[in-house]
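These features come from TrEMBL:
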SIGNAL    1-24  signal peptide
DOMAIN    21-215  domain 'GH16'
ACT_SITE  101  active site, nucleophile
ACT_SITE  105  active site, proton donor
CARBOHYD  109  N-linked glycosylation site
C-alpha cells in the first residue's frame, strides 16, 4: 500500500468498506430509548432521533448491540441558544465498577459562547484522562459527524473526519488499555449545572426549556463480541503525516485543557503515558 502519505486515506477507505457492510441506519432497529419517557423520540421512519431536557427530566438511549473494536459514527446537532448547564453525552461504555469507556461530552454555554467538547478514556473503572476542545464551527446550526475509531492499538476521536485526539495503547508502560470488554453506545441529555458551565457558576435557564439535541446517520462496522473485525491492516494502520498535521492543528488552535500538562493536578508527576507524546496526542 505504498508510502505513509496515503496511509490514512487507505485507513479511512478500509473503514468505509466495513461500514458499507452494515445495514442502513435505523434508530428503531439499532437503539432502545432507555429513559426520559416521551422526551426521547424516534421519527422520520427511524432516520432521526431527538433527546430533550426539561426541569423534570432529561433523556437517553443505548444501542441494542455491543461492540468490540471498530468505527462508530454519529451526526449530532446540539442544543441551540442558551444551553448553559446542559450536557449532551455520546460515548461507548461497558458496565460495572471496572468498566471501560470512551467519551464525547458536549458542555453547553451561554448564547454566543462556544460549546466545550470534553473527551475522556476510562479503563477498568478509572478515567482522569480528559482533553477538552473548542470546535471550529457552530455545532448547533447544522449536523456534524463525531466518530470513534477503536482498535487494540489505539483510540482516535474524530470530528467531521478530522482527528482531534489519539490515545495509543501504552500497556508496555503499565498503562491499562480498553481492549477486553465489549461496549454499548450510549447518549443522554441531562442537567449538570453544578459543574458543566464555568465550573457551575452559570446555571440552567429553565425558561428556555425544553432543550433538544438531534441525531442522524448512525453507522457502525460489523464488529460485535461474537464477530470481531480482526483484519490485520485495520488493527495496525497508523495516521499518516497529513493526518498528524491535522491533529496538531486542532490541538494547537482548539485544545483548551490537557490532563498531561496539568501539573497542579498531578503534583507527584503526570501519568506515564504523558511522558511519551507518541502514546497520547
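Just so you know, glycine gets a Cβ as well, placed from its N, Cα and C.
Caution: TrEMBL annotation is automatic and unverified by curators.
Other Cβ atoms within 10 Å of the Cβ of residue 105 (active site, proton donor), summed over all protein chains shown, number 19. Residues belonging to the domain 'GH16' (21-215) score a mean pLDDT of 94 in the model. Annotation for the residue listed as 'N-linked glycosylation site': same-chain Cβ neighbours under 8 Å, separated by at least 6 residues, are 83, 84, 115, 116, 197, 202. Here residue 101 (active site, nucleophile) comes close to 91, 92, 93, 94, 120, 121, 122, 127, 178, 183: these same-chain residues lie at least six apart in sequence, with C-beta atoms under 8 angstroms from its C-beta.
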